[in-house]
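Pulled from TrEMBL:
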| type | residues | note |
| --- | --- | --- |
| TRANSMEM | 6-24 | transmembrane segment |
| TRANSMEM | 31-53 | transmembrane segment |
| TRANSMEM | 65-83 | transmembrane segment |
| TRANSMEM | 104-124 | transmembrane segment |
| TRANSMEM | 175-197 | transmembrane segment |
| TRANSMEM | 218-243 | transmembrane segment |
| TRANSMEM | 249-274 | transmembrane segment |
| TRANSMEM | 286-305 | transmembrane segment |
| TRANSMEM | 329-362 | transmembrane segment |
Amino acid sequence: MEVFFEIPVLFKLTGVFGLILVLIRCKQHLGTALLAGSLLLGIWCGMGLGAIARSMGSAMIQPNTILLNAIVVQILILSHSMERVGQMERLLTSFRGMIKNSKLNLVVFPALIGLLPMPGGAIFSAPMVDQLSKGHHLDGETKSMLNYWFRHVWEFAWPLYPGVLLASSMASVSVWAFISRAFPLTVISIGAGYLLLLRPLQMDDAAAKMIDDEPTQWAAFGQALIPIALVIVGAISGGTIVAGLQSRMALLAAIPTELPLVLSLSLSILYVWIVNRASGEVIRSVLWNKALVKMIYMVTAIYIFKELLVDSRAVVDVSAFLASQHIPLLLVVALLPWIVGMIAGIAVAFVGTTFPVLISLFQTM
């Protein structure tokens, strides 16, 4: 039994990651996989059950945990609300005819849907892409690829994506600082999609003429876009105001930088409900959604895993081991997220499992 505890910490951490990835591949919820990994890590690194429980409790009540839960839950509430009251459908319908270029029309709809991450977003954009491609003789694989690619170009650097929010929170940097450095990846993604997918397409001139005849609905489009604009404009302007006040008044330094985003999301949700006269039944169905509980469970489990990595001293020991073995940190930074991302397939999974380790390693080396 002693041999089990004397294994080098790097192999312990590898075993913990192995357990997490196996559970994910076995269709277990990411939160469950992370909690199991946290428990194994604590026990393997010599922590008692009481110490593990205290670390878990501490992680659950940390401001970052509460704030990020509030943000991602409100994003889900906003996206579900816009879906239920028909606001998202009106946004897409009003956009028809505003762009006369046939190729751009095929990808703008998925890109618009991508601005507001939602489960099953393809359900909205795929029918639109299919309808706009009629007469152009595009096969199903091409349409699916266009829809998939351009719906996800924002995932690197859009402030409403949980992966972006989680990464910036884990790194203790502002969302906007993170986005300013990650946005080139979105530009590269759009450029690659255009060069490799969109540009080679051969479009039918007769079908393109039908788009020219579509009436423009600028007013309707602008009105349908207001909820998303409220979030982005409110968060940016609010963040600027808070930063300015904090630089002048030390008492305001404790105000979380994420607070303007939380308030902007709340305002946007209320706008959608009031303007669309959402019924009590619709609001209840949005709020009593299992997806919200699962999201809270997942985010909390990520922060528990991060806390156990620190309290078990696993990260400090791994840092010392890497230094003694002359293993380049850059190699670990590149490979670990790539491997987890390939296996898990979602941004939140590789951010939640690898960033706590990598960021802590940077801080200790």
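Glycine is treated like the rest: Cβ placed from N, Cα and C.
The transmembrane segment (65-83) and the transmembrane segment (286-305) are in contact, since at least 3 Cβ pairs between them lie under 8 Å (pairs 6 or more apart in sequence).
Counting same-chain residues at least six beyond the ends of the transmembrane segment (31-53), those with a Cβ under 8 angstroms from any Cβ of the stretch are 4-5, 7, 9, 12-13, 15-17, 19-21, 23-24, 294, 297-298, 300-302, 304-305, 308-309, 311-314, 317, 352-353. At the 8 Å Cβ threshold, with sequence separation of at least 6, the transmembrane segment (329-362) comes into contact with the transmembrane segment (6-24) through 3 or more pairs.
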